[in-house]
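Asks: Handing you this structure, nothing more for now.
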Amino acid sequence: MALLPRLAAGGLLLLLALAALDGKPAPPKLLQKLMDGGQRRSEDQAAAGRIIDYEDGDEPVAVSVGDTKQAARALSPLRKPQPLCSCTDMSDLECMNFCHKDVIWINRNRKPSPIQSS
C-alpha cells in the first residue's frame, strides 16, 4: 500500500469500509474517522512522522517528514570523499597493482569498443 498515492490509499480504505458495512449503519467511530479524512493520529503515528535529532547533548529537535532533505543538508557537515588509494607515488608498484587496478576495473567502460585497424 506504500506504493499507492495517499489519495488512492484513502479511497481504497473507504471502499473497504463501505464493503464491510454492506448496508448496515456505520458505527460512530468509523463515521468520525471518515468525516475527518483520517487526519486524527495516535501519538505513535505522529512520532513516527518525525525525525528526532540530538545535537551535542541539547534537547531533541523534531523535524517533520516533509523537511527531511532540508534538515539533512542543514545538519550534516560537508564531507570530503575518502581516497580510494593511499599510494605515496607511482613508483610503489605493490600499491599500484593492488589498488589502482581495482579503480580501473570499477571505472572502465562497460561496452566493448571495436578495434579499428589502420
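Heads up, the Cβ atoms here are built off N, Cα and C, so glycines get one too.
Sequence annotations record features per position, and here Swiss-Prot assigns signal peptide to 1-23 based on sequence analysis. The annotation disulfide bond is assigned in Swiss-Prot to Cys85-Cys99, Cys87-Cys95. What Swiss-Prot records for Trp105 is site 'Endothelin-receptor binding site', and it gives similarity to another entry as the kind of evidence.
Situate these features within the shown structure.
Replies: Counting every protein chain shown, the Cβ of Cys99 (disulfide bond) has 16 other Cβ atoms within 10 Å.
Annotation note: Cys95 (disulfide bond) sits in a helical segment as assigned by DSSP.
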Asks: For the C-alpha pair, I'd like the distance in angstrom between Cys87 (disulfide bond) and Cys99 (disulfide bond), rounded off.
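Replies: Per the Cα atoms, Cys87 (disulfide bond) and Cys99 (disulfide bond) stand 8 Å apart.
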